[in-house]
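A.B. asks: A single structure is presented below for examination.
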Amino acid sequence: MVRVKQKNLESYRSNGTYPPTWRNPTTSFAPDQHRVSIHSSLKSKTKRRRLYKEADDNTKLRSSSSTTTTTTTMLLRISGNNLRPLRPQFLALRSSWLSTSPEQSTQPQMPPRVPNLIGGSFVESQSSSFIDVINPATQEVVSKVPLTTNEEFKAAVSAAKQAFPLWRNTPITTRQRVMLKFQELIRKNMDKLAMNITTEQGKTLKDSHGDIFRGLEVVEHACGMATLQMGEYLPNVSNGVDTYSIREPLGVCAGICPFNFPAMIPLWMFPVAVTCGNTFILKPSEKDPGASVILAELAMEAGLPDGVLNIVHGTNDTVNAICDDEDIRAVSFVGSNTAGMHIYARAAAKGKRIQSNMGAKNHGLVLPDANIDATLNALLAAGFGAAGQRCMALSTVVFVGDAKSWEDKLVERAKALKVTCGSEPDADLGPVISKQAKERICRLIQSGVDDGAKLLLDGRDIVVPGYEKGNFIGPTILSGVTPDMECYKEEIFGPVLVCMQANSFDEAISIINKNKYGNGAAIFTSSGAAARKFQMDIEAGQIGINVPIPVPLPFFSFTGNKASFAGDLNFYGKAGVDFFTQIKTVTQQWKDIPTSVSLAMPTSQKQ
């Protein structure tokens, strides 16, 4: 048996990256060694268990060392293959743009391998297949993410399953304290998280901070879970009979994340799930997994017990394994319609609870009485922010009446936006995520031109000095678009604003409602009556009135509908708590022992 102390991961967090893995192993395992016992450092364990001792009923979450060793050994037992623990060493960062340190190593470095998190330990995958994580502004390889093996996936699910009984019985006040500490650690490490997101995903540093902050709000909301998870009680429903309902955790839950919000979407998922008492399997996007790994380490430092949160990486096979595994009770997904409907159908066929948030075509309706400057700024920010890679991006604008004066002003202001690497201080928008994404966006722009739309502003051929290899597309505006065009029917997911014209308010509402998507819609007007009509008549699930991106704060729920959502319960808010819990109803009666037995159906009528 090989004992490896797990390194405190402050070194990687200080540089905005994830923990380095065992790149050049000097220790090999003998063929008959099929078990690896991984012990966290005593310092880390002490921090993580300090909170458990504070439970109101003095519940002890710390198991004996022998029990911990036995359990972890069992979780990591894989016949013929060992889960390789991280070697306790810090590897110099490969590129200057990833580090906050002023000095960089001149030694050539191989990209680090992103670890899985299984049973409280970061372990290197034994997979033979890895995917490059690429900086979209430079095309440099940041790291390599594994296609997790089936044995490793099963070990992660087993760890979550075995952690569940103790975690669900942990006082809810203790679980809340973990979240309180977690939100504090996120705030302290926000700059490093933002740098990692900008490096891997491409969005500007300011936008990366927004990504983290919107997720942080969900963590803060989860700190009040004792109130959110309350049940209902009604005394004397019959003679001497009381009935109450309680909300209990489901068990092992899973989350499958997209590339466009590397911090926010994971924070929509696992903080709510684990604070309800569940354990969790997180699959980050293979394009930008670093933020999820950093967040997981912060969660463990905050006191989350081993096995409560696990991370597995991969693509289709990992997703299918999540859908098929009988021990996983619920799956939360954000991503494309193709993937979302596949996951919904496959997981639902296995009896799982599903929430699947998918594609969008969000419309902004502009009435002639709208405030000109405020509306133009809103359209630019919502259409081109994050290079248009938001599920709530305002990608389509419908002008009622004259459109030309609005379009001319839009073009003028869009030309002033700075397109460059997201880490540059003056960047307004960065690159799109990949070369394939850029090619698809450019194809849809050209399809609009071919179908008769007018290209008012073309950002396809932009070249950014110093970042010539980047996946950059400048702000692009198409005018005269009609509902039958592919550029309108498809979600472009890039910095492209599609402009349409309607002769009347009612016609504009009809155009919006005929679109298959229903994530969000916004109106820009000075008329309260028009705003109220819009609110009542529009079928989209989230409405903005002079608000371009109406994403609700977490005490409400994210409520996309139509083709933008599949499932019965939405993300966060009350619906999110309901999704990660199940209702148990208890009917009780305390009275003297009866002298006779009645076989009649019980009713509320006095017998």
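Glycine residues also receive a Cβ, built from the backbone N, Cα and C atoms like all the rest.
For 1-69, the entry in Swiss-Prot reads region 'Disordered'. Taken from Swiss-Prot, the feature transit peptide covers 1-98, and the record attributes it to experimental evidence. Taken from Swiss-Prot, the feature compositional bias 'Polar residues' covers 9-30. Here Swiss-Prot flags 42-51 as compositional bias 'Basic residues'. According to Swiss-Prot, the NAD(+) binding site annotation covers F259, K283, E286, K287, S336, E491, on the basis of similarity to another entry. Look at Swiss-Prot and you will find N260 tagged as site 'Transition state stabilizer'. The active site, nucleophile annotation in Swiss-Prot covers C391, and the record cites sequence analysis as its basis.
Just tell me what is around each of these and how deep it sits.
C.D. replies: The Cβ of K283 (NAD(+) binding site) has 27 other Cβ atoms within 10 Å, all protein chains considered.
Sequence-distant contacts of N260 (site 'Transition state stabilizer'), defined as residues of its own chain at least six apart whose C-beta falls under 8 angstroms from its C-beta, comprise Q201, A386, Q389, R390, C391, I433.
Taken residue by residue with DSSP, C391 (active site, nucleophile) is part of neither helix nor strand, so it is coil.
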A.B. asks: Could you check what DSSP calls K283 (NAD(+) binding site) once collapsed to helix, strand or coil?
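C.D. replies: Strand, per DSSP.
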A.B. asks: May I ask which residues of the same chain, at least 6 positions away in sequence, place their Cβ under 8 angstroms from the Cβ of E286 (NAD(+) binding site)?
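C.D. replies: Residues satisfying the criterion: I131, V133, V145, H313, G314, T315.
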A.B. asks: To see if you understand the setup: which same-chain residues, six or more apart in sequence, place their Cβ under 8 Å from that of S336 (NAD(+) binding site)?
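C.D. replies: For S336 (NAD(+) binding site), the qualifying residues are P258, M358, G359.
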